[in-house]
Every structure is written in structure tokens, then in C-alpha cells.
Amino acid sequence: FIENRRRIYVSDKMPTATMKILLLTTALLGASSFNARMPASKLQQVHRGSGSNNVNDLLSVTKSTSLNSAVSTSGGSTPDEGKSMAETLKVGGYFALWYILNIGYNIYNKKALNIVNLPWTIATLQLFAGIPYVFFLWTTGLRKKPILTTENVQNLAPSAICHLGTHVGAVLSLGAGAVSFTHIVKASEPVVSALLSAVFLKEFLPIPVYLSLLPVIGGVGLASLKELSFSWLAFSTAMLSNVASASRAILSKTVLSGKPMGENLTAQNLYAVLTILAFVMLLPMSLCVETPMKIKAVVDAAISGGTPMGELAMVSALSGVFYYLYNEVAFLALNAVAPVTHAVGNTIKRVVIILASVIVFRNPMTNLGAAGSAIAIFGTLLYSLAKNKFK
């Protein structure tokens, strides 16, 4: 790519590596559709789990029935050692693909936003991108169709609104500032979650867990103070995303507790339904904020500036494809490990995304900013480990 002010130009042809990743992911997800599905009773627990980010809150309580043998060791030699090694390699492959797809989403999302400053439109397209994929799975029988009544949809609507807010807030932040800065601020989500749980649910965490939040607060504060491209819009919308994500768990515990959500609503299907509902809600809002006339004017300006229409369409489409696929692969990765491995994996994921974005977009970071980022991310790991230990 060639960087020119805020615009980044990419080839108008899809990179071969990108095509291979998408084909591999599609094959993997197709094969995984034949695996055993999560019991409905477990799903009810999952949806009422503690808030995190997208897939994480849907999987927070499934670890007790996961493939822990893939990440654990046992004494002595057993006949299952070969199988255990295969499971370890499989889980490692899931995590590697999850990270790659996540990096792909953040990079293509930022490239699309750099070409056209239309964050609401881009966010809407990204939610839509997964809909044809899940409809294909449902119509072909590769995945059981969810059966929902009007009451079920009404029950899920509040969670869909939070899903919408989580995604739109993140995209707005990514459009207003550096990718690395957005993810640093997003690392403070546990602080927001703990605060909202205390205020609205009267649920209080043990003292050691609260103490583990201090590095998060201090690290985010230091990183924000020393961020060279600091933007209040980027900071506030990233925090909005945090509030929406944390609120999803609050609503699940207060509004959805004990209410029916439908049949065949596995974790993947639940995510698909929430995505569809969020898209339907976001589309009219997006068209009001970024009208068709504005979209046409911005796109025409980008084309006049030298960006081919095909390139813009490709980058926008890939950001949506990567967005949905990384969440799908996350189910496979996170549902196959124990909670501690889950926490470490999430921490490494954020580090990988920040490093990749700094390399690709060459956003400068001061030494204190980098130190603040490291402290904040390490704090999120401490929080996850402390919460798991004292739960």
C-alpha cells in the first residue's frame, strides 16, 4: 500500500493470501457445522453470562464442557496421547485463524474508513455481510434453523440494540483515530462492566478483583495522555462501545432471565439472530445520519481522488466478511479451551492487533504511550485471572 495523508491505496485485486484465508475459513466452518451442538440449557446460561465482547459473553460458561484436554497435561503415557496432540494442534489452528481474521478485519475496516469517511454506512454493511452466509447454512441444512416467535424476537431485541451499539461505537472510534488507540480504550471494558454491575445489579466483586482494575485504568489513562493522534471522538465512541457491550450482560440478567428465546438457538445461531436484528435496526439510522446523497458525494470524491470503485467495493466487502468470520471462528477457538487459556488468548489477541495496526498503518507511539498500552492490556489479563479465581 501507499500512504497519502489519511488515504491508503491498495491493489484493486484481492490478494492471493486473503483469498486463501477466506477459502480455508469457509471450509473449516463448513466442517464444524457437523459437530455436536451446544445444549439449549447451556445456551440459556451463556446468554445470561457476564458481559465481554461479542462472542466472549456467549461462551463465558461453556468451558466446563469444552475440549480442555487440548490445553492440559497429564502424567504418564496414555493411549490418548496422539489424540491429545491432534486436539492441541487443532485448537492452535483455531486461535491462529482467529487472530489472522481479526487482524484482517481491523486492517480492511480502517482502509475502508480511510478511503470514505462513512463509518455508519461501513458498520451497516459489515453487519449485513454475515447474513447471506448464515442463510446459506440454514437453507442447506448445514446448520439447524432457529425457530423464533414474535415474543422471542421481542425478548432478544434489547440484546440486539446493545450488539448494535458495541459494533457502531467501535467502528466510529476506528474511523476517528488509530486502530491501536481504539483497542487500548476497549481494554477498559472490564472497568465499565464492574461499574454497571455494581450500580444496576448490586453485584460486587472481591477486593482483589477490583484491585486488578487499577492497572487497566492507569494504563488507559497514560496511553490516552500520550497518544499522538488523540481524539475525543475516538475515545468517547470506544467507551460507548464498552458501555453497550457491558450493558448487554446487564439486560440479559434483568430482562431476559427465565424468558424463552426460541428453538435451535445455539451460540452461533444466537449471534446470527442478534446480527440480523441489529442490521434491521441500524439500516434506517444509518440512512438518516449518512443519507444516500452524502454517500454518493463521498464515494464520488474518493473515485475522483484516484480510488477505483472496484477497490472501494472490495475493501468494504472484505471488512464485513472478515468481521463475521472472525466471530464465527472465535466460537471454535474459545469454546475449546479452559477459562484461563481463554483469558490469555484474548489478551494476546489484543496485543497482536495493536502491533499489526502499528506496522501496517505506521501510527507512531511514544514510549510512555506504549508503556501505558502494555500496562492496560496486562491489567485486563490480571482482571480475567482474578475474576476466575475468586468467582
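The backbone N, Cα and C atoms fix where each Cβ goes, and this holds for glycine too.
Pulled from TrEMBL, these are the features on record:
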DOMAIN    89-384  domain 'Sugar phosphate transporter'
TRANSMEM  91-108  transmembrane segment
TRANSMEM  120-138  transmembrane segment
TRANSMEM  207-225  transmembrane segment
TRANSMEM  232-250  transmembrane segment
TRANSMEM  270-289  transmembrane segment
TRANSMEM  301-326  transmembrane segment
TRANSMEM  368-386  transmembrane segment
Report summary line: Relative to the transmembrane segment (270-289), the stretch among 91-108, 120-138, 232-250, 368-386 with the most Cβ pairs under 8 Å is 120-138
Requested in this report: Pop the mean pLDDT for the domain 'Sugar phosphate transporter' (89-384) in here, whole number is fine.
Outcome: 89
